[in-house]
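Going by TrEMBL, these are the annotated features:
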REGION    1-20  region 'Disordered'
TRANSMEM  50-66  transmembrane segment
TRANSMEM  166-187  transmembrane segment
TRANSMEM  207-225  transmembrane segment
TRANSMEM  246-269  transmembrane segment
TRANSMEM  298-316  transmembrane segment
TRANSMEM  328-351  transmembrane segment
TRANSMEM  363-383  transmembrane segment
TRANSMEM  395-417  transmembrane segment
Amino acid sequence: MTDTIPVTTAGATPGGDAPGLPTPRSSSGIVLAGLATLATALFYDAPLGVALPAFLALLCGGALLLNPPAGGMGRWAMAAVTLVAVLALLVDAVTPLSLLLAIPAIAACLLHLTGRWPAGLDGRVWSVGAMLVLGPWRLGRDSLAALEWGVNHVRRSAIVAAAARWVLPLGLGLIFCLLFTTANPVLGLWVDRLPLAFLEDIDAGRIVFWMVALALLWPFVKVAGLAGPVPAPALAGPDEGRDDPVLALLLSPATVVRALALFNALFALQSAMDIYYLWTGHDLPEGVTYAAYAHQGAYPLVLTALLAALFVLVALERPPVTGTVRRLVIAWIAQNILLVLSAMLRLAAYVAAYSLTGLRLAAFLWMALVAVGLGLILARMALGRSNRWLVGANLAATAALLYAAAWTNIPALIAAYNVDHCREAAGGGPDLDWTYLGRLGPQAIPALDRYIALPLHSRADAGDVSGANVEALRRNVAQHFLTRHADWRSWTVRDQGLRDYLAAHSDGIDQTRQP
């Protein structure tokens, strides 16, 4: 977060700057960080009062120090009167209306004093709007510009460049560690035993507030260059991104090798724990249940695999792809496939404990698609295909899976599974949630009939002591189906099969409404 000043040179010199390369001015970043810290101390988790106009007055002073003012005494007098008027309004009371008047007025004064005040009402309104609405977003752009300048200079220092190449591996590695800790309660127990009590004193809300303050204050710290419309970004060519110095450093072959080696080590730990506890059935540590181990990790592990696949695709698109990189990628993709299979096994264990639902079945299909996608990445590498081919292959696999699912009677499948694996029918497992079967619709009726046929005493613990509740639910669902589908226009093969079943198993259903 440093201001940048363009400096042109006659030409590039060895070890020197490229022509037109901006040099950063650190004063803007220092002032911005100080103001954001002060704003956090004054306003975070505190009601607004007299501290706000005092802070705004200080902000105006800092802005004028960093952005040289222009104009004569008349411009200064007009701005001073305006600032005093709106700050006095805030001293009297901080209300939404006073803020609505004060903030744009302060922005207009700063634009006016720094010579960024265009002629015409429409231009002035646009300038204030651009400063307040678009200005905060420019913090990211200006930070990237400063980072690019820094990267070009960092390359001269072997020590700094080597440290910079660990930014991506350590950053993504930390994200993977957080995901694994979320997904694996055993790792969570290990982390709880670490001496990390100081982390409890970290206020995440305060950090977020400080970061938001950085963006909101940046257009006031860097007033110059905010007037006028923002030019549309130019479309980059297919190879233009490869010349970006930041990406060249962050995704250099050495960085990719470091990242893949670190990620393989992290994933190996998770894979070893899954094999030990999940696939071979060893006892979990005290305080961790198989249900928690299964459910807690099913979805974060798939998210981890997706993030890993994205990194692989980006890394493979930046040549040269060395033999070391290919071997590390293959090992990592194989571990990710094992990770997804472990997630599916976790979900299967959770379903066995808590029954099957539509969302859990969809999660199974989604995990299967992720595993297929990871396998297709290996196929892409083996066949030498492009990312375009990979996208097409994944779309084809998705279409095939959805087509097969469309031919499947999913409500009947879920209902049949839950009845066959419930405690009442199998002697173990969860009690049947027969109300959920009713919500699945009429296709669940055959499964409900199998449940009704069970001995009444085995169904008592499921909340249906007399059996009348389930039977009434079955009759209502069947009657509703026959009533709504009595017209020939709603006929389907699947509904006809159910209609034939109900004709053979009427159980008191009024069949006169059928066509």
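Glycine is treated like the rest: Cβ placed from N, Cα and C.
Nobody curates TrEMBL annotations by hand; they come from automatic prediction.
Counting C-beta pairs under 8 angstroms (sequence separation of 6 or more), the transmembrane segment (207-225) fails to reach the transmembrane segment (363-383), with fewer than 3 such pairs. A Cβ distance under 8 Å defines the sequence-distant neighbours of the transmembrane segment (328-351), meaning residues of its chain 6+ beyond its ends; these are 257, 260-261, 263-264, 267-268, 270-271, 274, 278-279, 290-291, 293-295, 297-299, 301-302, 304-305, 308-309, 312, 315-316, 360, 363-364, 367-368, 370-371, 374-375, 377-378, 381. The largest share of C-beta pairs under 8 angstroms with the transmembrane segment (363-383) comes from 395-417, of the ranges 50-66, 166-187, 395-417. Below 8 angstroms of C-beta separation, residues 250-251, 255, 258-259, 262-263, 266-267, 269-270, 273, 277, 284-285, 288, 292-293, 296-298, 300-301, 303-304, 307-308, 311 of the same chain, each at least six residues beyond the ends of the transmembrane segment (166-187), sit close to that stretch.
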